[in-house]
Structures are given as structure tokens and as C-alpha cells.
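Here's the structure we're looking at; comments come further down.
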Amino acid sequence: MDYDKLSKDILQLVGGEENVQRVIHCMTRLRFNLHDNAKADRSQLEQLPGVMGTNISGEQFQIIIGNDVPKVYQAIVRHSNLSDEKSAGSSSQKKNVLSAVFDVISGVFTPILPAIAGAGMIKGLVALAVTFGWMAEKSQVHVILTAVGDGAFYFLPLLLAMSAARKFGSNPYVAAAIAAAILHPDLTALLGAGKPISFIGLPVTAATYSSTVIPILLSIWIASYVEKWIDRFTHASLKLIVVPTFTLLIVVPLTLITVGPLGAILGEYLSSGVNYLFDHAGLVAMILLAGTFSLIIMTGMHYAFVPIMINNIAQNGHDYLLPAMFLANMGQAGASFAVFLRSRNKKFKSLALTTSITALMGITEPAMYGVNMRLKKPFAAALIGGAAGGAFYGMTGVASYIVGGNAGLPSIPVFIGPTFIYAMIGLVIAFAAGTAAAYLLGFEDVPSDGSQQPAVHEGSREIIHSPIKGEVKALSEVKDGVFSAGVMGKGFAIEPEEGEVVSPVRGSVTTIFKTKHAIGITSDQGAEILIHIGLDTVKLEGQWFTAHIKEGDKVAPGDPLVSFDLEQIKAAGYDVITPVIVTNTDQYSFSPVKEIGKVQPKEALLALS
């Protein structure tokens, strides 16, 4: 893949660098905050090689890339003045409260996920080593590795402070100093001593801030306003000293007196609410969550669960949300594996197997967008697989006990605890159910490549022949959303090699546009066919086109319809790819006779039945 070219194309199609406030990436997606989402050309973005799809979550514009997203992101940064350091604070775009919340969660937690994932995996591996007797508990090695695993979680407020400051547009190092203050060992000891505490006569509520999420987020949000307010009234020559000094003096005590305790209470209630739901309706809750989590991933809103997961483990020592994400991923992997088993297209079989393995590793977008959603029924099967695993988890009370990386096999140590065996069984159930459901539901296979054409079905009502010499392509490759999205109907496209268009069927000419760039034919069997020569060629107003027919003429396969000057039109900057559409698509089922490769006029391409 040419990452440099792809990055330049993406920047152009999102409205140019000037339309980008900020760009970050997660494991599979580029996440843009754009000044105006309407300027992004979604249809053309989705046609780019390497782009699996686009999505808008809240106000965030997302481009789904897959495993190569870090390389594409690096290329974007290399070819622009953008980075994840750019503040979104300058946006003039109005956001509703829900959109703003999801945008903040994504922007704050995405940058720190590698640290949390790495530390969580180390915690899991240490627990595994102790369980199997490979490491003595309290040994020097154990103490050091435990510190490595615990460090990111104990000092989580510090990581969040820096990330949140970048998101809120304040100084990340002052934010880190705020977090460091509330985590100071002497202050922690004072807060944990159980004695009344006050600051200049104001009571300080005892609370523990290590490993917490909400208190520091509220604190840095307030700090961003305090810092800007002080900056506004401070002379430029004094800002370096005055702004950070007074920000710390105001925000740290405010955090200890009001913000911190409020955040701690909110976190406790949030955790208690999740636990109550799973304690009293665990079976139903887990079935619904595991069965629909893939839909949540599609919206990109799954990152909204990250702070809840972290908070649950910090408050209670376990979490029920991450297991649901695991099951959804296993369902996607199983459905894609079923496609591998059933498909007769060698290339697509290979893709299905590869994406199934990737989903098992915790990266589901390639399987979801590249295989299961493309074939539709396997995606429904994946949801069934997740729900089946959710039923088992709900009955057995499976939980995760640490925060790990992706919800895939490498992160299995997150389950080390009382329900570990049940967790493994549930993963197998989700994968097997996804596989079985997809296999039994079946799907319309991607036609096999190759020079040998499949036989036309005996029950076919109509055969559509090629109207032009050239190379046949899928409609999805047409750089016009109306055609590529199938809005006009199903069909195929041809990249012409000569400027002669002939009739693809026996029937009557129903329409010939005055610009002669488009012809409508109704076959004797009732198929309504549109041949559209090039894209935007209506602007030529008939120049370089010659019609050989008129409306009402009877035609047979191979009869001349229109001649056009291929080279002149290309030289004028027009794309000459020619969609051939069956506009009354809903009346037929389609069987491609030849889907790719060179074609001659009158060569059978599509069977309608």
C-alpha cells in the first residue's frame, strides 16, 4: 500500500488540511475533528484502496483503515502540519452535549490506551506466573514486575491529566503537576488517616485518588478555564510565573475540597449502577450487550466504555463490560471463519481466514467491514454468536479482573480469577455459535475470479451483455456515490478501450439524453437498463458524442447506440468509466457471469432471474 498517496488523498477528501481541527487514531480508525463534516466526501473516501469505510460518531469523522492505521496516520502527519497535539478548542462548530462527551472520552482515552494495555498485560502475566508456580510471590522479581504492571494504574490520574489537558486546550505539564499533588505520598497518608482535615478553615473530604478517573477529569476541565482566565488578565512578561502558580494554588485545593470528592462519589455510583444491573439482570444484560456490541463498535462509541471499565476495576476489582466486548469479537471471528469454510472464491476465502484470525486477536474491523457486513447474513450471525456467549457469561457471572489490551486472545490474562475457566468456555461458545449461524444462514458468495465464465442459470429471464469493449469492474469502484452505493440500482461498470457503445439486450430505446452521454433501454423481458458514458460528462453538452439511434427504436444485442471520442473526453479531464445499471433492480435476483477482466461487446456479463 502506498501510504503517502493514501494520506494525501484522505487529506484532500476530508476537505483539505484547513478543514481539520485535530486528528488522532485508535487501533483501526483515523479520528478527525473537522470544522465542517459536510466538506468530507464520504463516497470517494470509501473508494480509496486501503479504506474500509467511514463513520460519523457524534461530531467525530472516522475513517476505518484496519491494521495499517498507524502508518497512514504517520504519513498524514508527515505531509501536513497536523498532529494529535492540535487543540480542538478553536472549533466554531456547535456540538450537542452527548456529542461533546463522546468526543472528550475518545480524545482523552485513546492516547493513553497503549500504556494501560501494556501494564494490564504485565499484571495478567505476573498473576499467571504466580498461579502456576513459575514465580515466587513477594520475590524481588515479583515486586519489580508488579510495580511495572501497577504503575500505569496507580498513576492513572497523571496520564489522564496530560491527555485531558491536550483535549481541553490547557498546559499538559501544569495538569500533570495537579495530578502529582493529589497523589503525593504525604497527602495520601493524611487523607487515609481517618482524622478530620481542613484547608484554611474549609473541610477536606477524605478520598483516595490513585487509579481514579472522574475526579482528575473534572479537575483538569476546571483547570483549563482557570488557566485561561488568569492568562487573560496577566501581562505577557509575567505569564510564565503567574499563570501556572495561581492555577495550581486554585485548582489543587478546589479539587481536594469539592471536585475530587464529587468525582469520587460519581465514580462510585457509576460502578455500583453497573454492578447492580449485572447482579440483578445479569443474563439479560450480558446477552443484550454482547449481542449488540459490534453495532456499538460500528459507531466508534465503544471508547465511551473505557472509563467505566477502568473505574469498575478500580472500585470493585472486576468488570463485566470487557467480557461482552470479547464475546462480540469472537462472534465476528466465527462468522468470518464460516465464510472461509463456505466461499468458493479463493481470494475471498483467504481474506475471510485472515480477518477471522485478526478478529481473534482483537481487531474486528477488517472482518466486520471487509467480510461480514459485505455479505450481510454473516454479520447477523456474528451478533448471534456474541449473544450466545453472553447467555453463558450471564449464567456463570464471568468478569474481567484487570484492564488489558484489545479484546482478543492475547489479552486472555484479563480473565485470570475465579471465573477463568468459564470465560474460556464462553469464548469458544461465541466463536462456534458465530461460525454455525453464518454457515447455516448462508450468504451470496463473491463470484470467483478467473477466465472461465460460470454457466448462466437455466431459469434466467434476461442476459445483460457488455455494451463496450474494455475492462469490467464492480460498481463500487465508480467514483460517484450515486452509482457506487447502488442508489440507481445494481449492475457493473466498464473502463472503455474504444468509443463505441452497442446495445446490451434486445428491446427498445426509451431514453436518449440530448447530451447523448446516457441511454435508457427497456428489454423485451422488462429489464430497464441505463448506460451512463463517463462521469459528469453531461457538462460536455453532447460534444464528442454521436447518437446512432433515437427514442422508440428497436435494438438487438450488438446494435450501435452511440459513438464517442474516447481520447478527447479523457484529455478534457473526465473519467470515462461507464456504469451499466438495471434500474428496476428490485424485480430481479442477480447472478454475475463475469465480474472482472477484459470484455468484448456482446459478451455475457450478468444473468437476471
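The backbone N, Cα and C atoms fix where each Cβ goes, glycine too.
Here is what Swiss-Prot records for this protein:
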- 1-86: domain 'PTS EIIB type-1' (DOMAIN)
- Cys26: active site, phosphocysteine intermediate (ACT_SITE)
- 103-459: domain 'PTS EIIC type-1' (DOMAIN)
- 112-132: transmembrane segment (TRANSMEM)
- 141-161: transmembrane segment (TRANSMEM)
- 174-194: transmembrane segment (TRANSMEM)
- 202-222: transmembrane segment (TRANSMEM)
- 246-266: transmembrane segment (TRANSMEM)
- 281-301: transmembrane segment (TRANSMEM)
- 321-341: transmembrane segment (TRANSMEM)
- 351-371: transmembrane segment (TRANSMEM)
- 379-399: transmembrane segment (TRANSMEM)
- 412-432: transmembrane segment (TRANSMEM)
- 480-584: domain 'PTS EIIA type-1' (DOMAIN)
- His532: active site, tele-phosphohistidine intermediate (ACT_SITE)
### Any contact, the transmembrane segment (246-266) to the transmembrane segment (112-132), with at least 3 Cβ pairs under 8 A
no
### Top Cβ-contact partner of the transmembrane segment (351-371) among 112-132, 174-194, 202-222, 321-341, 379-399 (pairs under 8 Å)
321-341
### Task
State the non-local partners of the transmembrane segment (141-161) in its own chain: residues 6+ outside its ends, Cβ under 8 Å from one of its Cβ atoms.
108, 112, 115-116, 118-120, 122-123, 126, 130, 135, 172, 175-176, 178-180, 182-183, 209-213, 215-217, 219-220, 310, 314, 403
### Query
Which residues of the same chain, at least 6 past either end of the transmembrane segment (202-222), have a Cβ under 8 Å from a Cβ in it?
108, 153-157, 160-161, 164-165, 168, 170, 175, 178-179, 182-183, 188, 191-192, 194, 196, 251, 253-257, 259-264, 266-267, 270, 307, 310-311, 314
### Message
With Cβ-Cβ distances below 8 Å as the criterion, list the same-chain residues six or more beyond the ends of the transmembrane segment (112-132) that contact it, or say none.
### Response
26, 142, 145-146, 148-153, 156, 159-160, 163, 306, 310, 402-406, 410-414, 416
## Note on the structure
Under 8 Å Cβ-Cβ from the transmembrane segment (379-399), and at least six residues away from its ends along the same chain, one finds 282-295, 318-320, 323-324, 327-328, 330-332, 334-336, 338, 368, 372-373, 415, 417, 419, 422-423, 425-427, 429-435, 437-438, 441
### Query
By DSSP, what is the split of the domain 'PTS EIIB type-1' (1-86) into helix, strand and coil residues?
31 helix, 22 strand, 33 coil
### Query
Quick one: what's DSSP say for the residue listed as 'active site, tele-phosphohistidine intermediate', helix, strand or coil?
strand
### Query
Do you know the mean pLDDT across the domain 'PTS EIIA type-1' (480-584)?
87
